[in-house]
Amino acid sequence: MSPEGKKLLNIIILGFGFMFMFTAFQTCGNIEQTVIKSFNSTEFHGSGYTSMAIIYGVFSASNLIAPSVVAVIGPQLSMFFSGLLYSLYIAMFIYPYTWSFYTASVLVGIAAAVLWTAQGNVLTINSTDSTIGRNSGIFWALLQFSLFFGNLYIYCAWHGHVHITDKDRQTVFISLTVISLVGCFLFFLLRKPDSECSSSAEATEPLLQEEPCDNTATSSGCSHLCSQALDAFVKACKLFITREMLLLGVSIGYTGLELTFYSGVYGTCIGAMMRFGQDAKSLIGISGICIGVGEILGGSVFGILNKRIGFGRNPIVLLGLVTHIIAFYLIFLNIASDAPLAPEEGTDLEAFITPSVGVALFCSFLLGLGDSCFNTQLLSIIGFMFHDNSAPAFAVFKFIQSIMAALAFYYSNYLLLHWQLLILVVVGFLGTITFFKVEHMASSSRRQSDYDSI
């Protein structure tokens, strides 16, 4: 197989590994608040929103050390062990306890930081400036198939259910745990890409962690690993305060806010709408499928084909903003304002229009399409601008995204729907403006970049 073919195969394997893992985890996140409301046990007092806030809060802090972990044990083992902790979190719902729920939330927050830093590292070392857009699109499209498969399963399993029984919950989460573990083991199929010996960027970022040069150099090897870990941490801190990353931080922060909304809040809103009928719970699964269709379409068209049809990044990000604003306006009209905070019995509060299942699912599609527009272009521009230090750069990306997601999950416990939508519109508009600025800087001259001085 040619070196380019091997790199493309690695991207596909990476995408399938994440597809299996996040078929389990994103489905879990989409339904957990609804599941928790239906627990029969009076000893469990957890909140799905609080759990997600903990996950993303720990996730953001752990991004400071994630590049060091990836530098020491390599991206392949980093993704595998992180995946095991994701599986542990999902398995916790089989027999849930409050203490294990929140402990697992902390652990998966740490795992998420390492996982996504390693993913950015693998994506970058298997890409060039000319293939980073294509590879970002392939990875994103495969990842978002997780929304389709996981939520289709939820729809079939819960169709016609008004209340989620313990047996329903256990069957679903046992299945999701097994699916997550399959994704973990797929990472062992990744192979180190062939590269030119003179390529300093790829030589310093091996896919598989290399052994010390000889058996007598153990002490020297350990010192080298410590130096790598410290160097990765310092670079991540320096990257965080560059002009480009500070500007991109607004765009990245917006993806964290809307990640919270489409992956947790919106599904809860649909499940709480009693005016959607007795199938409101199973509509959570259909909503997730529609989000997945939008994500896959966006990843395929704007990630894989943008090079061929001559689009730059700016029009795609602008399209993402427009689709999201349309979705937010329709949700504002179609969903009752107290839906995010409603009990299991749902809400009878009237929306501004007669609630429509079709409009709700169309909004799900628009949420997924807009999210794919933002994320594929952020992956592309970060991989392009920070190619030589991809692990620290993607750690900063996930640090900003996760801290904003944690903030959003926290305020989702208290704010009515219309206030959450207003925050999304304002931050989304500002994030689009700052992305345009960074794209102009990237296309005009890389030599004027703050990043070049690191």
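Heads up, the Cβ atoms here are built off N, Cα and C, so glycines get one too.
For 7-26 (among others), the entry in TrEMBL reads transmembrane segment.
Annotation comment: TrEMBL describes 46-65 (among others) as transmembrane segment.
Taken from TrEMBL, the feature transmembrane segment covers 77-95 (among others). Sequence-distant contacts of the transmembrane segment (77-95) (same chain, six or more residues past either end, CB-CB distance under 8 Å): 17, 21, 24-25, 28, 32, 35, 69-70, 101, 104-105, 107-108, 110-112, 114-115, 117-119, 122, 169-170, 173-174, 176-177, 180-181, 183-185, 187-188, 209.
The transmembrane segment annotation in TrEMBL covers 101-118 (among others).
Residues or ranges marked as transmembrane segment in TrEMBL: 138-160 (among others). Within the chain, the transmembrane segment (138-160) has long-range Cβ neighbours (under 8 A, six or more residues past its boundaries) at 8, 11-12, 14-16, 18-24, 26-27, 30-31, 119, 123, 168, 171-172, 175-176, 179, 278-279, 281-289, 291-293, 295-296, 298-300, 303-304, 368, 372, 375-376, 379.
Non-local neighbours of the transmembrane segment (172-190) in the same chain are 10, 13-14, 16-25, 27-28, 31, 76, 79-80, 83-84, 86-87, 90-91, 93-94, 122, 150, 153-154, 157, 207-208; each lies 6+ residues outside the stretch with a CB under 8 Å from one of its CB atoms. What TrEMBL lists as transmembrane segment is 172-190 (among others).
Beyond its flanks by at least six residues, the transmembrane segment (245-263) meets 26, 29-30, 52, 56, 239, 291, 317, 324, 364, 367-368, 370-371, 374-375, 378, 381-382, 393, 396-397, 400-405, 407-409, 412, 420, 423-424, 427-428, 430-435, 437-438, 451 of its own chain at Cβ-Cβ distances under 8 Å. Positions annotated as transmembrane segment by TrEMBL: 245-263 (among others).
What TrEMBL records for 283-305 (among others) is transmembrane segment.
Through the fold, the transmembrane segment (317-337) approaches residues 251, 258, 266, 269-270, 272-273, 298, 302, 347, 349-353, 355-356, 359-360, 362-363, 366-367, 369-374, 377, 416-418, 421, 424-425, 428-429, 432, 435-436 of its own chain, all at least 6 residues removed from its boundaries and within a Cβ separation under 8 Å. Under the heading transmembrane segment, TrEMBL lists 317-337 (among others).
Marked as transmembrane segment by TrEMBL: 349-370 (among others).
Per TrEMBL, the feature transmembrane segment maps to 391-411 (among others).
As annotated by TrEMBL, transmembrane segment applies to 417-438 (among others). Below 8 angstroms of C-beta separation, residues 244, 247-255, 257-258, 261, 265, 269, 313-314, 317-318, 320-321, 324-325, 328, 331-332, 335-340, 374, 377-378, 381, 385, 408, 411 of the same chain, each at least six residues beyond the ends of the transmembrane segment (417-438), sit close to that stretch.
If you look at the transmembrane segment (349-370) against the transmembrane segment (283-305), you find at least three C-beta pairs under 8 angstroms, all six or more positions apart, and that counts as contact. When the stretches 7-26, 283-305, 391-411 are ranked by Cβ pairs under 8 Å to the transmembrane segment (46-65), first place goes to 391-411. The list of residues near the transmembrane segment (283-305) in space but at least 6 beyond its ends in sequence, with Cβ under 8 angstroms from a Cβ of it, reads 26-27, 30-31, 34, 133-134, 136-141, 143-148, 150-156, 158, 262, 266-268, 270-271, 276, 311, 316, 319-320, 357, 360-362, 364-373, 376-377, 380.
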